[in-house]
Amino acid sequence: MLVQRTAALCGTLKGASLSKAILPVNCRCGFVLQTASYNPKRLWLNLRDPYIPDKESDKTPEWQKTSRYDRKLFGRYGSASGIPPASLWPSSEELEKIIAEEKEWHPPLEVMLKKIEARQQEETEKRLAKEKLIAANMAKMPKMVEDWRREKREAKQKLKEEKERKAKLLAEAQERFGYKVDPRSPKFLEMVAEIEKEEKKKRKLLKRRQKEAQAAAPPAAQP
């Protein structure tokens, strides 16, 4: 019994492997046969009694009264539509519009070449202007770097002087009040305002003395 079950299982596996090997071929053949046997539904046209809308009737939709719909009817029914072929040609206005659209969207080769040449010329001019600007900026680069370094040195020197001035003011405040003062305290701010006021007076007095000295100096002898 064990041998029979083993043989049956082997047969089942063999059949499954054969079906897997044959299945793609059968599927491909079935797809080819299905494609070859495809028969689209025919478009039945009633040529004996076609539907021709009455343009004089108010019940007829406006889109069925247009020349575009007349062309569609003539293309479907031909002479049975009762539409004269001469009426299907575009009018003078429509023809001018078609010609204008043709010139706009499909210009002649000479016009296209001129446009390409003009565009290339414009791109060349833009490139040359950009290169000229880059060259000018590169020529200014050493001076710009020097100015930047000078400004950096000046800012550093100014910060150093400000720190020294603050330390000097704190030392003067400690000497005046006998203890360390918070630089944000009203006493310290009042002291700084007084010192600045005194310095302003000194500068003003020095400037006036310089003017008096210049006025009292004898004029230079002319040759």
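Placed from the backbone N, Cα and C atoms, the Cβ positions cover glycine too.
Of all ranges given (17-39, 132-154, 201-223), TrEMBL attaches the label region 'Disordered' to 201-223.
Sequence-distant neighbours of the compositional bias 'Basic residues' (201-210) (same chain, 6+ residues past either end, Cβ-Cβ under 8 Å): none.
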